[in-house]
Structures are given as structure tokens and as C-alpha cells.
Amino acid sequence: LPFHFLLNAEYPDLRKHNNCMASNLTPAIYAKLCDKATPNGYTLDQAIQTGVDNPGHPFIKTVGMVAGDEESYEVFGDLINPVIKERHNGYDPLNMKHPTDLDSSKIHSGLFDERYVLSSRVRTGRSIRGLSLPPACSRAERREVERVVVDALAGLKGDLTGRYYSLTQMTEKEQQQLIDDHFLFDKPVSPLLTCAGMARDWPDGRGIWHNNEKTFLIWVNEEDHTRVISMEKGGNMKRVFDRFCKGLKERLIQERGWEFMWNERLGYILTCPSNLGTGLRAGVHVKLPLLSKDPRFSKILDNLRLQKRGTGGVDTAAVGGVFDISNLDRLGHSEVQLVQTVIDGVNYLIECEKKLEKGQDIKVPPPIKQFK
Amino acid sequence: MTKNCHNDYKMKFTTDEEFPDLSQHNNHMAKALTKEIYEKLRGKSTPSGFTLDDVIQTGVDNPGHPFIMTVGCVVGDGECYEVFKDLLDIVICDRHSGYKPTDKHRTDLNYENLKGGDDLDPNYVLSSRVRTGRSIKGFTLPPHNSRGERRAIEKLSIEALASLEGEFKGKYYPLDGMTDAEQEQLIADHFLFDKPVSPLLTCAGMARDWPDARGIWHNENKTFLVWVNEEDHLRVISMQKGGNMKEVFRRFCVGLQKIEAIFMKHDHGFMWNEHLGYLLTCPSNLGTGLRGGVHVKLPKLSTHAKFEEILTRLRLQKRGTGGVDTASVGGVFDISNADRLGSSEVEQVQLVVDGVKLMVEMEKKLEKGESIDGMIPAQK
């Protein structure tokens, strides 16, 4: 008999799966949670659908579940908490608190050697409390997110003054400019996102806001309510992070009676459990042609708590020895701590590259302490 | 089901706030859905919890094509055709040539009523095929069904098909359990269906949990094939090389009736009513759900100025030999009936048989350099 006849008839067949949800969803947990729903009506089956539909890769472990609203993290805690613990290197939401720190004045050594670092960028996400997240939101909720965010952003001043481009309303000329600036995001094609329902009603309620200087950018209703990005060419990560914190600390949302989803266990609440905590990815495009060919490269990155990606972002390959290097961690460390980790780490990588250029040997640094 | 709960939550927003932006859209649902209809139906749900937003999601996500009119909606269970009547009756009327809510559909699976069909010239007609779909009563449909329901449908189907004998003796191949050798054979036979990639289907939720409880059954002769849990509960296909559509249709009718008898014994007959015929997931497949067709060589006729008009008058449609949305190769076309609802199986296959016979004669005339003007048929 096929195996599923022996278990709960609804329990998914996860035998070929390799994602965090599949590793943690026992039949007992499924039975306990399968009849539950959040106050908005979001269910376990909906939360895990993306992980059932996308078994994963033997080498890359995806998360395999999403949250449809803030309450998902509570109602489906019996599954999400072990998933969080596995994904975030032992961070235990039941026993630990997440630190939030957006005081960028604490950063030191944040100016990189621009012969190596081509660009610097910090991104995070923010969710508007009281509205469902992209996997579950209705059209009205999504439009409400857009309205709230666009209204608030109109209050930004000085170097943050900017404007909003709705995906449904932008002119062809505006669209071409946004593409040329590498700002325009596409309708998601990754099945990780589409199977979670995040592309519904595209492009309704979606858009891009950026400041006139094109150094501060907000995506509305893509994979999260908002993605907030500070970036510039060159190696001035300090200035990038200063601007990032300044923009995020504005009270514009709050002045209008709204809040971000946040709690002291999980930090900032986002759609994917991998983006909890700070939701922060700070990174650079850096030239490391020699170091990247050294067999110790991966170990060095690992010990520095860094990850590499191609310059097209996640799931792309490096071109011309230029890598996207960013922090691995999101939860359990503050924004300041993570950005400092990236700065220290990238500076170390550049030192290694310089040593290799001179024919000198490099050292694998000791691993940074984790809480596992 | 908690889908009701989510729909109730959405009701706190106004119709204006929830109404989809259909300004770029060209599909039957977008043409039919007014704010008034949306307002009237948005609070409703079928007993299994399927709502208006669920019905229309695929049409909202897929604006359509300026030239090809897609349906833009699906049903999650048989009750949708009643609960969302105000929308679906308009879509059905538009898609099925003016079919009215008061019209009755004829079902005729008596293959003896088909005249001819055993003499299509095999020099032109390369293969013949008849397919339909069936939905099993007591279960919700592919856009909505849970893993448990899908597995129960598979289990019932396996039992029903395993009891067939004689020319219908065959074997079931679950998608998630076949050997590499079996898979290669099914691909070589052109039997294996893939996970749907068309956003028309994926946006309607039909690919969820793939390949759980999906599979293919076929008889030993490889002339009768059943797909389980693809776009419908069952797709039933009778086919063979050459032009003997009469035999293909006989086997189709006999096989279908044998399968139906077994399902009825388990109190799970097929969804059917006298207004809409057989109920399937897509409103385009209501009625007979039947597509009867041939692969036929018409290199000269297909380039004739009146080819499209001839097809229209014969109530036939053309596709490439890869099926829907493909181009023809080497002058070989897939020609099949255009209608599904408002005429019977026998009537639709008769149109194919008579129409293809005429078109082959036209092709032969054109080969000899003669005119076909005198052969252009009247509108059927």
C-alpha cells in the first residue's frame, strides 16, 4: 500500500523533501495544528504549501514555509519555532530575546578600499501590523498597505525626498528608467514564491518608491509589505548604513496610527521565517579573483559568518571574480552587530586578496562565536 | 473548512476596495464580472468553502491575449455552478455560443448512432482520438481539493480500473512511483503528462502537492488511457493510429460506461445535470467535455484562403499536433470539434467524421489542381 494510507490521510508525502519545514513537520505536529487557523483564516496547509510543492535541493536547504499574517508565528508555533531554531543556528524563540539597534554611529571602519569594493548595500523589510502578509492578503489589504506606505513616504525630506511609481500606472519611459537603474522588480517567477501565493493579482498594489538621489529605495508588496534598501556605488558602507537607519527611524508610519510588526522574541516579523529578527542583509560587490579560487575561500566565509552570491543576487553565479558578499545571520544579533560583522569580514577578505596578490599566504580566521 | 473564515474576514472591506482591476484583461470572466455581480456574490461560499475570489483568481492573474479569449475562471466543486450562477451563466453563454440558463443538454454515448467514421483515408488521417473528462461526485475539484480527497479519488480510480477486463485490461502507473524504464516508455508512447506549467492552471491551484496521487492508467493495447488528478479528476482518452474514428468512439463509449458503472456501485457516480451535462473544472469543458479529433495531412487546404471559414462552418477547430497552443508541422493539423455544450457526444463526433471526410476530399481536389468552390459547406 502507498505509505500515506498508514498515516493521517492529509499528511503530506515529504520523503523526497529537503527543507526546514519537511525536517520538522512530524505527523504528530501536523495532527495537532491541521485544524487550527489564525483569526484571518490562514491555515497550516497554506503555510506549508510552498514546502510541499518545492521539495528542495540536496545541497541547498530552503525554509519550506511562510507566514500569512503576524498570528501565524503564534498559532503554528509548534512547527515554526523548530524551523526558526534550525534556520537561525540554534536561536530559540521560546527562551531568547532579539536585540534591535539602529544606532549607526556605533559603526567603525566602514569605508572600504574602492579598488576592490564596487558597491555597498543594506536591505531589510517591514510589515504593517494589522494587515495580512503577501501569501494571504486580499486585494483590499494589499492596496491598504500601498496607501499607508506611500502616504508615509511622502513625508520624507532632505536627501530622502522622493516619489512613488506604481507598477500599474507607470509610463513606459518611467519603466525603462527604473530598469536602467536596476530598480524595477519583476513579477516573481520562483516557484518558492508563486506556490505561496505571493504573485496573486499582479501587478495590483505593487510599486517602487525611491529618493531623488537614487540611494534609498522601497519595494511595496513584492515578497513582503515593504523592502527597504539603501545603496550606493563605491565602498562607503558607513554612509549607506547611516541613511538606512535614518530612513527607518522616521516615525511617519506611527504618526498615522500604524505600527510595524515586531516582538521581542522574533524582532521584525516578515513573510519568510528566514528574514526574522533584523531582516537585514548588508552586502558589497567586491572583486576577489584570487581569493575566490583559493580552496579555503568557503571556510573563511563561513568562519566570518558571511555568504557569497553572484552579482545578480540569490541563485546567480559570480562574473569576473566579482562576488556579492553579505551576512549569513538575521536573528539574534542586532543591525549594528551584523553590519559591523560584514565590515570586519569584508576588510579581512580584502586583506587576504592583497596578500595573495603579493604572493603571501593567508590565514583562515577563527570562527565567530554563535549561540548554538 | 476555514476558507469561509477568511472570506468573512474580507467582508469588512468594501466591494470597491476588493474589486479586481480588470482594465488590461481580455477573458470571459473579465467581460462578465461587473461590480454589481461582485457585490452580490462576494459574501457567498459553497458548502466546501470555495468563494468567488477563488473562482476568478486565475482570470485576474492571467489577463489573456488580445486574440485568444480564455475562460478566466474555474470551479472548485459542482455546487459552484449554482452558487455563482450570476457570473458563470454569462461566461457559459459567451463561451458556448449563446447557451441559455434554460437550455437542456443532450447526452448520447450510444456509439451505434454514429454513421460512418470507419473509412477516413489513412493516407491523410494519421491518427484518431476522442477524449473527455469526468468529475467524481462527493469530492471537490482540482483547484480546491485537499491531499486526502485527491488520494481517495486515486484509490477509487485504481480499484475501478483494476476490475476492467478483455480489451480494457490494463495497469496503473502512479507518477510518484514509476520506475525509470516505465517513465521512458510512457514518454515514448506520448502518454506521460507533466506537472502543469501553464499559469492558467497553476494560478488556479491545480498543481498543488504535485505529484501526490497523480497517475496514468492504460490498457495493454495502449488504445485506452485514463489520467488521474491532472486538470480534472479523470481524463479518459481513446486513440489509435489511422482513420477508424468509428472504432475509437466505440471503445470510448464502452470503456466510459464500464468505468461509470463501477463508480456508481460505490455511490460515487459522475457529476452531471441535465442543464450543463458533465461538470468539469473549466467551464469550457461542460456538456460532453468531449474533444474528438484527428491528425490529418492538409498541406494544400490549410493554405487555401477559405480554410478558416470552412472550419467555422463545419464547427471544427484546428490546433498544431502538439495540442492546444502549438503550431502545425509539415501541413499536419489536429482537427477537432469546437463545441462541447448543447450537442451530444454522437453529434459532435459526427461533425468531426463528416467534416474531416469532406476536407480530405477537398485536399485531393486541390492536389489535382481543381477548384473546391463548389464544395464549400453551409454553416452547420
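From the backbone N, Cα and C atoms, a Cβ is placed for every residue, glycine too.
Pulled from TrEMBL, these are the features on record:
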- B:127-131, B:HIS190, B:ARG235, B:291-295, B:319-324: ATP binding site (BINDING)
- B:10-97: domain 'Phosphagen kinase N-terminal' (DOMAIN)
- B:124-366: domain 'Phosphagen kinase C-terminal' (DOMAIN)
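Features as recorded by TrEMBL, highlighted on the structure.
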| residue | record | contacts (Cβ under 8 Å, 6+ apart) |
| --- | --- | --- |
| B:SER127 | ATP binding site | B:MET239, B:GLN240, B:LYS241, B:GLY242, B:VAL294, B:HIS295 |
| B:VAL130 | ATP binding site | B:ILE237, B:SER238, B:MET239, B:MET245, B:VAL248, B:PHE249, B:PHE252, B:LEU290, B:ARG291, B:GLY292, B:GLY293, B:VAL349 |
| B:ARG235 | ATP binding site | B:ARG131, B:THR132, B:GLY133, B:VAL226, B:TRP227 |
Packing count at B:GLY293 (ATP binding site) (other Cβ atoms within 10 Å of its Cβ): 26
Integer mean pLDDT for the domain 'Phosphagen kinase C-terminal' (B:124-366): 94
Around the Cβ of B:ARG319 (ATP binding site), the count of other Cβ atoms that are within 10 Å: 18
Residues in the domain 'Phosphagen kinase N-terminal' (B:10-97) grouped by DSSP into helix, strand and remaining coil: 42 helix, 6 strand, 40 coil
